[in-house]
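Okay, so here's the structure we're looking at.
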Amino acid sequence: MANIVAIVGRPNVGKSTFFNRLVEKRQAIMDNESGVTRDRHYGYAEWVGKHFTVIDTGGYVTGSEDVFEGAIREQVEEAMNEASVVIFMADCHDGLTGMDNDFARIVRGLKKPVVIAANKADTAEWSYQSSEFYGLGLGEVFPISSSSGAGTGELLDEVVKHFEDEGTENPDDGIPRIAILGRPNAGKSSFMNALLGKERTIVTDVAGTTRDSINTRYKLYGQDFILTDTAGVRKKSKVHEDIEFYSVMRALQALQDSDVCIIMVDAVRGLEAQDMNLISLALKYKKGLMLMMNKWDLIEKDSNTMNKAKAQLEEKLGHLNWIPQIFTSVTQKQRIFQAIELAVKVYHNRIRKISTSALNDAILPQIDRFPPPALKGKHIKIKYITQLPTHAPTIAFFCNLPQYIKAPYERYLENNIRESFDFEGVPIKLVFRKK
Ligand SMILES: Nc1nc2c(ncn2[C@@H]2O[C@H](COP(=O)(O)OP(=O)(O)OP(=O)(O)O)[C@@H](O)[C@H]2O)c(=O)[nH]1
Ligand SMILES: Nc1nc2c(ncn2[C@@H]2O[C@H](COP(=O)(O)OP(=O)(O)OP(=O)(O)O)[C@@H](O)[C@H]2O)c(=O)[nH]1
């Protein structure tokens, strides 16, 4: 499972301030229709090499004195249910309040690792106040200052100790994990149903109960794989805001747990901003990916329609034109098995290891033919190339002046690698090291 950290606490204790400090600035936003307010609730962070998703439950409680109001409580609870670790935030300036105690009561029932962040401990005096929060009976208290960053390192050291996985990849059990992602209504549930040949039940009411049912082990032509779908999640709640909350969270989780993402797109609507956001997320996490252009049956066609559609897609994708596409109709069962086969192919591309000699034989002549442009009168010499033993393909170039290799030349190298070796659907990372 992916590592997820939820920040909870009553309004105004500084959750958002801490969150903003934690997450990277310009990150992929999954929902562009809903405006900016909800975007700040999800972020990706890294601490001592461990990657995790952070959920800020801040905005959900704002403006409401009654934290136990149905929807709000549900959202916070859902966030906590999904979390691997909960950061319970309190405010040293206000001290222990009744509302903190109310919150603590919910948190205590969780049986999850909880760390207490006693925020606004900007000075030693305020730090002393923080011991009061031991009274919550939740565990260790870490005085921090979200605005200055003081104490946050110690807090995060404790948080990452509770992670169950390394925050990098799934255990290498050799079974491809395929996540099906896409906008609401793209056809994800229908796809799963078509593959499984029966209606899957969608849990409607109780938050958190669909959790385990989203992973389905599947066998096709002797090939084992695990499918994760993110469909139906939005049907769980009537409150509009919940829709985003659940579906984004589920998508993130599914994505992080996968090897390959099938990004399902409604072909009638074409590739939209939200789809691009999913693509950039998959890239960020170095997942294999492919596009499944669904509802192809609804498109009026002549003999050239698919070629035109492909050309349009490639134009939109730009240098990401190595992302494969398949045009499907789930309802007509058109190419749905091919879609899975393609995903499995991408999986194999992603675990491909190219021998050092094959890499050098193929790429060094291309470098000779078109060497990196000299910078400040200095010549850059790439001596040899090797694939690093990482999960997702990483190719290391050993050279005299690694810092002088610029993006356009990197792209040239990547194109050459892709021409020589089949990395279709797989993000590859290039690193430049000093010999
Ligand atoms: N002195 C001090 N003020 C802080 C610190 N962290 C946050 N604040 C202030 O506390 C106030 C509330 O911070 P937010 O981050 O909005 O709090 P929140 O918990 O996200 O609030 P909601 O979104 O309402 O739940 C703001 O005025 C912050 O500037 C801190 O470490 N020290
Ligand atoms: N014409 C046509 N309709 C389709 C196709 N695939 C799905 N649909 C229809 O599109 C609608 C949405 O399909 P779902 O499978 O519920 O979509 P979803 O992506 O699971 O949606 P969420 O659960 O909201 O995330 C349904 O009415 C399906 O029957 C297709 O290939 N062609």
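Residue 1 is the first one shown; counting continues down the chain.
Cβ atoms here come from the backbone N, Cα and C positions, even for glycine.
Whatever TrEMBL says is automated annotation, not expert-curated.
Residues annotated as domain 'EngA-type G' in TrEMBL: 3-167, 176-351. Per TrEMBL, the feature GTP 1 binding site maps to 9-16, 56-60, 119-122. For 182-189, 229-233, 294-297, the entry in TrEMBL reads GTP 2 binding site.
Feature annotations (TrEMBL) mapped to structure.
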residue: Gly9; record: GTP 1 binding site; DSSP class: coil
residue: Lys15; record: GTP 1 binding site; DSSP class: helix
residue: Thr57; record: GTP 1 binding site; DSSP class: coil
residue: Ala121; record: GTP 1 binding site; DSSP class: coil
residue: Gly182; record: GTP 2 binding site; DSSP class: strand
residue: Lys188; record: GTP 2 binding site; DSSP class: helix
residue: Trp296; record: GTP 2 binding site; DSSP class: helix
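Within the same chain, residues at least six positions away from Trp296 (GTP 2 binding site) with a Cβ under 8 Å of its Cβ are Ala267, Phe327, Thr328, Ser329, Gln334, Arg335. Between the CA atoms of Lys15 (GTP 1 binding site) and Asn185 (GTP 2 binding site) there is a gap of 33 Å, rounded to the nearest whole number. Comparing Cα positions, Ala121 (GTP 1 binding site) lies closest to Gly182 out of the binding-site residues Gly182, Asn185, Lys188.
Ligand 1 lies within reach of Asn12 from the binding-site residues Asn12, Ala121, Lys188, judged by a C-beta closer than 6 angstroms to any of its atoms. Ligand 2 lies within reach of Asn185, Lys188 from the binding-site residues Asn12, Ala121, Asn185, Lys188, judged by a C-beta closer than 6 angstroms to any of its atoms. The distance from the Cα of Lys188 (GTP 2 binding site) to the Cα of Gly9 (GTP 1 binding site) comes to 35 Å. Here the candidates are the binding-site residues Gly9, Asn12, Thr57. The one whose C-alpha lies nearest to that of Gly182 (GTP 2 binding site) is Thr57.
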